[in-house]
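Have a look at the structure below, then the notes.
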């Protein structure tokens, strides 16, 4: 089934996110004068991003070329793929294409942020063909941990540009999770010019354990639990949640959810028929105490670190709703990212101290939602791309995926290891990497978008590490004298009662600096403040080897 529209001239592929990181997916494909955005995801902040809520890609390049943007094409409903859509649509008018569930989740996100902008939504499936001036766009079903996941295929005269989205191959999953192998094979046979593909598990050998085997071993583990069972998993892992529901029904246990992040997405998916839930299986969390402990399963859910934080609070008897009790069993059904490993280890220790039993999370009862090495090679062999762009992973994962591509026959010079903002362009003969566009991170803190940058983060780190030191002086400029102060305030720097001599020395230093400034023919407030910063910083560092943030405050009467 050829969907080539016309003879094309120019092709460009530009990652704005989702490279060098496992999140924030956003890839721009340009064919002649038309631009297509593939996914628009967010990333949860790293530890050093103090006070930041989420991170989205910098879309300045898209804004500057917004009249060419033909649409935002979404592969699935996870935050890594759709989390930035509402922020993009605040700045750009563009139609949104996605599966039924994905579109429903985007609409809910728009509603949650109270964005009332009229948006053109197009619900697509594996049979859909979207026709544009220069190209046609089709879709194929993929398998992920959320239903209705899609790959995107942009048909050009050079062959298709295929974006797999996040995927794995698991023939035990059916219905809304089943991959469309037949359509993938057709696309590969028609000719794939460039493949843009998920690298998250490119370092993991073999295949994922099939989900039906996972569920079988989960059943065996859960059946041995005599008391209360708490399962911790991400709200976005619909496959795992369905498995727990299935097992609970078989074990005659009621299920209750603990975690706000699940409520909206779960309820949307439930109403749309994506969950199979036996009657009377679910109970409200406030009714759990009405049942014997061996008749309930609590699913503690959330995004990123929320499930682990909830367990930690329960172990420390600090949770508002429920605490860990002697004899509870815990199953942690989440993948530990690098920055979560220490937190998870500490939490497991807290749980054991509180009297809980930990169900080991081994390969028998855990599978990734991303394809391992053999699954990635399977996709490469099906698509047989001329050019290959590994994405959706840390740089070492992209390199591992590049090696797999070379093993399956892709020429090494036609494999591109890219960073954010890199432009891969077709010059009529070869794809080359010779340009860069503006890219980076936009940090979102509360309702502020982009108003937290590196300088603000640096200040937050400084405050967190060495505290703050404030010197307040009130001046009488007319009579050139100090009217009140200096008064010293510090927070997070030193314990005042044990540092009185140092603070008195700082007061005298401030007094001397100000008095010298008042003797000048022209009083330069900015110069006085800078002298206060420099000299007080030197004094404090010599005494404490710390550099607090110094804020001089000068007022006049």
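Using the three backbone atoms N, Cα and C, a Cβ is placed for every residue, glycine included.
Shown in sequence order, 25, 75, 76, 78, 80, 81, 142, 144, 149, 198, 200, 369, 370, 392 are the residues of the chain, 6+ apart in sequence, with a C-beta less than 8 angstroms from the C-beta of residue 166 (Zn(2+) binding site). Positions annotated as Zn(2+) binding site by Swiss-Prot, on the basis of sequence analysis: 76, 78, 144, 166.
In this structure, residue 370 (substrate binding site) belongs to neither helix nor strand by DSSP; it is coil. Counted within 10 Å of its Cβ, the other Cβ atoms near residue 370 (substrate binding site) come to 24, all protein chains included. Feature annotation from Swiss-Prot assigns substrate binding site to 366, 367, 368, 369, 370; the stated evidence is sequence analysis.
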Other CB atoms, at most 10 A from the CB of residue 76 (Zn(2+) binding site): 29
Neighbour count (Cβ, 10 Å) for residue 368 (substrate binding site): 15
